[in-house]
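Copied over from TrEMBL:
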| type | residues | note |
| --- | --- | --- |
| DOMAIN | 281-374 | domain 'Transglutaminase-like' |
| ACT_SITE | C289 | active site |
| ACT_SITE | H348 | active site |
| ACT_SITE | D371 | active site |
| BINDING | N437, D439, E486, E491 | Ca(2+) binding site |
Amino acid sequence: MGNVRELGPISLCSPCPGLRVTEVDWQRLRNGTAHHTQEYPGSNLVVRRGQRFTFTLELNRPLESEETLIFTVETGPQASEALHTKAVFQTSELERGDTWMAVKEAQTENTTTFSLASPPNAVIGRYQLSTRVSSRRKHSDRKLGEFVLLFNPWCPEDDVFLDSEEERQEYVLNDSGIIFRGVEKRIRAQGWNFGQFEEDILNICLSILDRTPSYQDDPATDVSHRHDPVYITRAVSAMVNSNNDRGVVQGQWQGKYGGGTSPLHWRGSVAILHKWFKGRFKPVKYGQCWVFAGVMCTVLRCLGIATRVVSNFNSAHDTDRNLSVDKYVDSFGRTLEDLTEDSMWNFHVWNESWFARRDLGPSYNGWQVLDATPQEESEGTGSAGWVPDSRFLTPGDAHAHPSCAGVFRCGPASVTAIREGDVHLAHDGPFVFAEVNADYITWLWNEDESRERVYSDTKKIGRCISTKAVGSDSRVDITSLYKYPEGSRKERQVYSKAVKKLFSVEASGRRARVRRGGGRGLWRDDLLQPATKPSITGKFKVLEPPVLGHDLKLALCLTSLTSRAQRVQVNLSGATILYTRRPVAEILHESHTVKLGPEEEKKIPIAISYSQYKEDLTEDKKILLAAMCLVTKGEKLLVEKDITLEDFITIKVLGPAVVGVAVGVEVMVLNPLSERVKDCSLMVEGSGLLQGQLSIDVPSLDPQEKASVQFKITPFKSGPRQLQVDFVSPHFPDIKGFVIIHVATAK
C-alpha cells in the first residue's frame, strides 16, 4: 500500500478532452489528527468509519461546472454493492449517514479538495478508491490509491462507540499496559507492550482476518461480515490461538518449552506478531493465557475496538459442566491427576471489548468477555461446547479427539449477562459464568475407591477480578461487574436463575440438580449429611518472606475447638506447581502426630531448603503446600497454601526524558542465590523508547551480590511510555520489572 501522491497522467475522459489527475494529496497529517490515527506509521492513509476524511486532487486543468466526479470504493475480492463491499457515488451537497458520500470542499484553479465519509457500519479493512467523470459515454474507473478503514469509538453511531475520552485514550490508543498475575493474596503487576502502532502491526492484524477459515472458504462473504464487531472479535479470538487454523500463538502448559520461547519470556505482542507474519503464518511457540490476552488486545485496539486485559483470580475450569470444580486428593493432600479433570487456576487472563450487542438487545451493550486461550471449543449460540481437559490441548490433540472438532474460541459473552445469570445468551455464557461462580470441592479418594468430601467453598472461585485503571498503573477490582456480593440475596437469585437455565431436566436424562445452602448445589448422589461442627482448625503461617533462592520457613498452626484432648495425624506434602495449580514435582512429604489439649494451639515447623526446590521450580515460581489432618472419629481437615516466591529488581531513569535526546537508565539487580552466577543479561523493550529489543550483558555476580547496570535510550515518541526490563539467567527464572517514563516533546 503505497502513498499515492504523484501519479502518471490519468485521463478521466471528460467532455473536455484531456482531463487528468496528476497528483493526490491524502492529507495524512490532517486526517490522522482528526481520526486519531496519526500514530500508525508509514505512508498509508488510515481513517475511521462514520467520519469524513479529506484529500486533494491536482488536475491538469480546472474541473468544469457541468463535470461531476464519480467515486468507487471497494474492499476484498469480488467486491459488490449487494454485499456492501463496494459503493459507487458522486459528489453531493446532501449529507447522509447511512451510505458513502463525497462533498466538494474547495476548488482553486486546477486543485479540488473533496471529503469522503463512510457509513458508521461500513466494512472495515483495506479499500481501493477510484474515480471517473460522469458522462454519457462509458468510461473505466481510474485508481487513485488505497486507504485503511477502521472501527470508530469516537462516532456515536458506530457499534463500538465509547462515550468517554479518557477511556478511549486508555483502551484504544494506549500502546502499553499491565497484566495482573500471581495469587489472590499477592497480586503482581507485569508490564506488556501492546505496540499496536509499531511498524507493520496494522498490516499483520488485517492479515489475521484474511487467514481465517471463513475467509479461505468464502472470502467475499467473510469480508462482507467485517462491519460487525461480534463477527470480528469471534474471528480474532479463534485466530490468536493455533488450535484450528494455524493461528498466531501455540499454547503449552506442560512446563517444557523446547523448540520455542517460554511464555514468561515474552514482554509484548510485537515480537510475536512479527515472528508469525515473517514465518509465513507458522504458529509461534509458546503462549499461556496472558500471552493470548496480550496479543488479542493488540489486534483489537489496532482495529479500533476498545479492549482491555482482565485477570480472574481462582479461576474455575469446569470441564463437566456441573458448576463445580471437583479436585481429588490422596491422604497427603496431593492432587490425583488421573481423576481430576476440573481445575482452579491461580489466575486466568482474558479480554473485554466494548461494543453494542444488536443480536441480544441494548441491555447487553458494553463490555464483552473474549478469551483466546484454547480451553474449550466454542458454540454457535448460547450453550458452550464442553470437552474434557482441553486446557492442555495442542493442535494435534484437537484433531485426535472427536469431540474437539469445533473452534477453540470464547465469546463475546456480555458481562451484564454473566452478572444477571442470562447464560443462555450468545456466546459461551455457561463457560464464563462457571469461571467466576463455580463451587470448589475437594474429595479424598480412598484406597477402596470411595470418596469423602473434605473441603468445599462456594466463595473461593472468581476473586479479585482485576484490570488496569484508566490513566494510571493502579489495579481496579471489577468483580462487582461480574457478580453480586457473595452470599447476598441477589447473588443467590442469579445463581438459581443460571442453574435453572443450565440444568433443567431434559429428555436426554440429565439428573435433576438439588439446591442446598446459599443457592449452591451438588448432584443428588453427591449430597452428604450436614457436616458436624469441626473439632479443629488449621492454617499455614509464613514465618519469613518467601524469597527466590532462600530456604522457606513456615508453620502449620492447629487449634482445638473442643474441651477434650485429641490426637491428630498430620500428613504434609509440598510440590512445585504451574499457575494452573498443576503439580510438577514433589518437594515435601512427611507425617507428624500431634496431641492437642482442650482448645490448645500448636505449631508444626516446616522448613524447605532451596536445594529441595531449585531443580523443579517452574518459571511461575509457585509452590503448593497441603496438610491432610486426620482426627479421631474419622474427621478430616484439609489445609492448603499457595506460595509465590519473591524477587528483586529496580529501574530508575536518570534525568528528564525528551524526544530525540538520550537519557540514562539504571537497573539494580540482585543475585538471589547462595552461589556465584554468570551468563546473565538484561532484556529491554518499550514502544516509543526503543526500536526492537535491547540485550545487555550483566557481569558475573557473587552470592547475594547486588549490581548496578546503566544504559541509554533515546525516546522517539512523547507521552507516557512503558520501559520493560527482564533480568534473565540460566540459573533461575526471569525477574521482571517495568517503569513508566513520561517523555516530553522537544522544544
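Backbone N, Cα and C define each Cβ position, glycine as well.
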Compared by Cα position, which of the active-site residues C289, H348, D371 is the closest one to N437 (Ca(2+) binding site)? H348
Count the residues of the domain 'Transglutaminase-like' (281-374) that DSSP assigns to helix (H, G, I), to strand (E, B) and to coil, and report the three numbers in that order. 18 helix, 41 strand, 35 coil
Spatial neighbours of D371 (active site) among the recorded positions C289, D439, E486, E491 [C-alpha, 10 Å]: C289
Inside 10 Å of the Cβ of E486 (Ca(2+) binding site), count up the other Cβ atoms and send me the figure. 16
Cα-nearest neighbour of C289 (active site) within the listed recorded positions, H348, E486, E491: H348
What residues, ordered by sequence, lie under 8 A Cβ-to-Cβ from H348 (active site) and sit at least six positions away in the same chain? C289, S311, N312, S315, H317, T373, E435
When you measure from the Cβ of D439 (Ca(2+) binding site), how many other Cβ atoms are you left with inside 10 Å? 22
Neighbour count (Cβ, 10 Å) for D371 (active site): 31
